[in-house]
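**Q** Take this structure first; my questions come after.
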Amino acid sequence: MLGRTLINKHGFLIHPRRFVHLNDKSLDGTFILPSKKNHMYDVPTNDLSGILNASDIDRINNLPFFDNTSPTKETNTKEGALLSEKLASVKELFGEDLENPSFINYRFPRGLENPYFDIQVNQLKKKRLSVTQLCTTQNWCELRNFYDFYSQNLSNQLLNLKFQVQKGKKIHKSLEDETHPELNQYKSFTHNFLALTKLSMDIDNDMDALLDNWFNSINRLVSLFTKGDGHAREIVCHGFINLEDGKLVEHLLNSDSKTKENVIISGVIDHLTLRNKHNHQVQKGAAHLDTEYQSWGNILTNLLSNLKELKSNNEIVISDIKTRSVPKIPSIESVIESSKLQTMYYKFFFSHLSQDMTQTYHSFLINAKRRGLDVDAPINPTKILTFILTNPLFANDVKNLLYGLPINHSAFDNDAKGSNTFDMAAFNDLLDRGPTSFNVPIEQDEDSSESTKCVSLRDYGHFYTKWKTPLTLKYFAARLSQIYFIVGNLVSNDLMIEYYYHNDNFHNIIFPYDTLKLGTHAHDSAMVWFGGRDMHPIEPTQKNFNTYCKFCDYRHVCSWKNKNELKLIDLGKELKKIILESSMK
């Protein structure tokens, strides 16, 4: 009788065993009978009159309280339905704790390889991890985080329903739009241009996403030194971590066949600030370059030749932006520490990508190949035409490919020809049908209010032919390797977390880069992702349960929490007994 679990007709779960927790929830979403004060009631095991039998359950069923019960509001909402589905999914995968039936096991499922292969490779088809995934293993409760990782689709849907998550995304987007308005302008132009010309942009989604990220990163980092306001946002970066020893890879080989044991770690940097190294004032147009009639290549050559001087007076600060629901920084130190580590990874990646331009070139190509992309395949001509029409620096730069000229990047120039062709001749037809003039977005000068200019397709007629050097991802990897070499050499050892409440940057934390701390964290995170250790739940103290578990989706079904809370109650009773006995002596 003591090991049985009884459920009344209303779905309320009753455990007729010692220390029944009367404010818990079972895995299937039903509730254990709650009390007013959330106390744990001791059912004395040596007194059978204290054990509920079938007659007792029947009396409980007929209490007036149950006549007015109804499903909780949570289960009547989309969020509640997703939560129930997620809990069921996690329970099915992890199984019940055999020592504590009805509660989820807190060890990795047997029969599976490890979280990296289970989640990233097999479930999501992504042969990579993210900086966020490495940093969130220990920022709160590792147990909760891996329950979420294994139910990623449902967890993400739940997150997207939360107001604060949506608010945070909007703040990030508004900051990006303020610094880089050309992105929305480009999207608007492209939409109208395709509709008017009846052109289609048939391009693989993964290729399109990577191409946009690479193009925008080059453009934004170049602008950091030219007409920019000293800021760049949403910049991609990556590095590698060894699958066997969990160490961050400091030196890359040029061939992917020699780096199979290295897993890509990708990230997106929220904010880069170019500032004077001595007075910390933000630098605008630090390179003093006139971009008219210039190209990406010319600007990069100039920056490379003046890098020593730039480095003596300037530095770039990496920041991570965190949004808050109240104007206060987190009270949990592990959350702040996780944010610090996130920026340390970015600093490490930029340092790694600034060692050698040839290695960095191959590193970006390995990144693309691991995503299943063909780095030798010509890029969709319509996509390139929209870049040419909206970005003069790019248009002037790719003339080198059009005419088969070198771009002054030795690895690319020796590697670029290939057997594929890149042909834009079909666009000659546009000159004989439909409109040929369009308003395109331009970068605004301080003394000009014009945001667009009129361009004619006829002015770009020289591009509408077969190019002598195909335009592939290799070209973008080459330009990325140059600008990342420049930026990486300027990255400061001072890192920053920016806290925002609504659109107000109410607090910043500046801290130093710590190589040893980063290496230790990377190894520990890698061990759990690659199967070297099990999950580490939070330390079982009542304070931790009150702090970490209060809003956790798994708080009613977590065996770790349930078992240890019972132990704490037992301990409390024992201490009370000892104190009582001591006082009676």
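Heads up, the Cβ atoms here are built off N, Cα and C, so glycines get one too.
Here the structure is a predicted model, which means the values were calculated and not measured.
The feature transit peptide is assigned by Swiss-Prot to 1-26, with sequence analysis given as support. Annotation comment: Swiss-Prot describes Cys141, Cys549, Cys552, Cys558 as [4Fe-4S] cluster binding site, evidence class similarity to another entry.
If you look at the structure here, what lies around each of the features I listed?
**A** Neighbours of Cys558 ([4Fe-4S] cluster binding site), defined as other CB atoms within 10 A of its CB across all chains, total 26. In the three-state DSSP assignment, the secondary structure recorded for Cys558 ([4Fe-4S] cluster binding site) is strand.
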**Q** Taking the center of the Cβ atoms of Cys141, Cys549, Cys552, Cys558 at the recorded [4Fe-4S] cluster site, which other residues in this chain have a Cβ no more than 8 Å from that point?
**A** Leu143, Arg144, Ile538, Phe545, Tyr548, Tyr554, Arg555, Trp560, Lys561
**Q** Including all protein chains shown, what's the count of other C-beta atoms within 10 A of the C-beta of Cys141 ([4Fe-4S] cluster binding site)?
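**A** So the Cβ neighbour count for Cys141 ([4Fe-4S] cluster binding site) comes to 24.
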